[in-house]
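Engineer: Below you'll find the structure I mean.
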Amino acid sequence: MKRVFELGEDFAKRLDLEDPLKEIKNRFYIKEDEIYMDGNSLGLMSKDAEKTLMRVVEEWKNLGINGWMNAEMPWFYYPEELGKLQAPLVGAEEDEVIIHSSTTVNLHSLVSTFFKPKGKRNKILMDSLTFPSDRYAIEGQLKLKDLDPREHLVVIESKDGKTLDEREIVGRMDDDIALVLLPSVLYRSGQLLDIEYLTGQAHKRGIIIGFDCCHSVGAVPHYFSKWGVDFAFWCNYKYCNNGPGGTASIYVNKKHFHKEPVLAGWYGYIKEKQFDMSYEFQSAENAGAWQIGTSHMLSMAPLEGSLKMFNEIGIEKIREKSLKITDYLMYLIDNELSQYGFIIGNPREDHRRGGHVALEHEEAVRINEAMKDRGIVPDFRNPNVIRLAPVALYISYHDVWKVVSIIKDIMENEVYKNYSKKRGVVA
Ligand SMILES: *Cc1c(COP(=O)(O)O)cnc(C)c1O
């Protein structure tokens, strides 16, 4: 979509006045002297999330063990109830989403169910730009089945080191591939893959396909059921604002509900019978079957308030603002910063990008440090990317305008030269 912007500060303020989501930022804890552009790594705390977290803390205080059945939203059913609340964000049916564990653990659990090497069809297809944890986990899954990753892991390379070509991925979906695992949005460049197309092509060839959606859920709407995606998983501490290390999510298409959760545990049991304590495992007939152990109540409670906020606004509206504000950021970069050697590393088209802009510069490490001292919270990704996420719920157009003018000042006055080239441990 072609949007028309202007450069001045007044124009930024006008965009804010017209922004239908402008009031939402008042529900977040935002510091006056800081512009938080890192919601793609750790989302900010909302008062809504704080309220549900504190309610569960109080319930623990007052109810003890009885919280499992007598809390306002009984803890025993909490992962299922929050799954229902999250389903609209990913276009899933209510019982296809469950809140459980962490992203990488969920990957292990899902892949151990969905990777069934048979005869010649015994390889996993991934990409060379995926999040490293996914690569480690997939290699581990192959080793568990005594398969050598050098032979059984097929990795699609990137031509430009930033993006992937979907047709090339499909071109390698041969009859030796049992499973494809891809990210929805690439964590560094912000490229959004065509999930519907990839899913259709995998299925045409009899291949199971799953997606790591850490960098999209809460920013980009998905339609997993309609597209027929087999499984997906994501963390909730990024765009979903569930707090540091907050409990993650699993999506399993209902056509797979009969499949065995191989990394089984008692929380995957049919709920009504879980406390029969039988040794014969009977798995729940929904995504809950992939739960392993007791729900992490305190790491999940902020998500209740947060998801209610998402549903009140609607993920489509959030995406609309996210696309417009990232487009505005790119417009300002093109006009104000390209003269200093900055390059935009993410794809430009709306349907090919997620919620952040990948700003590239050979001095990214030092510029990133200088930005921090000027009240911006960006994040740096090796070797040369500054990721800037103007999160729709709590970043204004005026914030974006200020970020670009601060970067411009850092470049114009060569402020970054006062900083060390060494990156921090968490970056
Ligand atoms: C953030 C992120 C993860 C993190 O995994 P955890 O198990 O939550 O630490 C995994 N994959 C992607 C693509 C991510 O962006």
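Glycine residues also receive a Cβ, built from the backbone N, Cα and C atoms like all the rest.
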Engineer: Let me know which member of TYR77, TYR237, TYR328 TrEMBL also records as binding pyridoxal 5'-phosphate at the site of THR103, THR104, PHE131, PRO132, SER133, ASP134, ASP212, HIS215, TRP266, THR294.
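Structural biologist: TrEMBL lists THR103, THR104, PHE131, PRO132, SER133, ASP134, ASP212, HIS215, TRP266, THR294 binding pyridoxal 5'-phosphate, and from TYR77, TYR237, TYR328 it also lists TYR237.
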Engineer: Let me know the most crowded of the binding-site residues, choosing from ASP212, TYR237, THR294 and counting other Cβ atoms within 10 Å.
Structural biologist: ASP212
Engineer: Of THR103, PHE131, TYR237, listed as binding-site residues, which ones have a Cβ less than 6 Å away from ligand 1?
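Structural biologist: The binding-site residues passing the 6 Å Cβ test are THR103, PHE131.
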Engineer: Radius 10 Å, atoms counted are CB only; among the binding-site residues THR103, SER133, which position scores highest?
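Structural biologist: Neighbour-count leader: THR103.
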Engineer: Quick one: pull the CA-CA distance for THR103 (pyridoxal 5'-phosphate binding site) versus LYS238 (N6-(pyridoxal phosphate)lysine), whole Å only.
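Structural biologist: Counting only the Cα atoms, the answer is 12 Å.
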Engineer: Distance check, please: Cα of PHE131 (pyridoxal 5'-phosphate binding site) against Cα of LYS238 (N6-(pyridoxal phosphate)lysine), rounded to an integer number of angstrom.
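Structural biologist: Distance (Cα to Cα, whole Å): 14 Å.
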Engineer: From the Cα of LYS238 (N6-(pyridoxal phosphate)lysine) across to the Cα of THR294 (pyridoxal 5'-phosphate binding site), what is the distance in angstrom?
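Structural biologist: One finds 23 Å between the Cα atoms of these residues.
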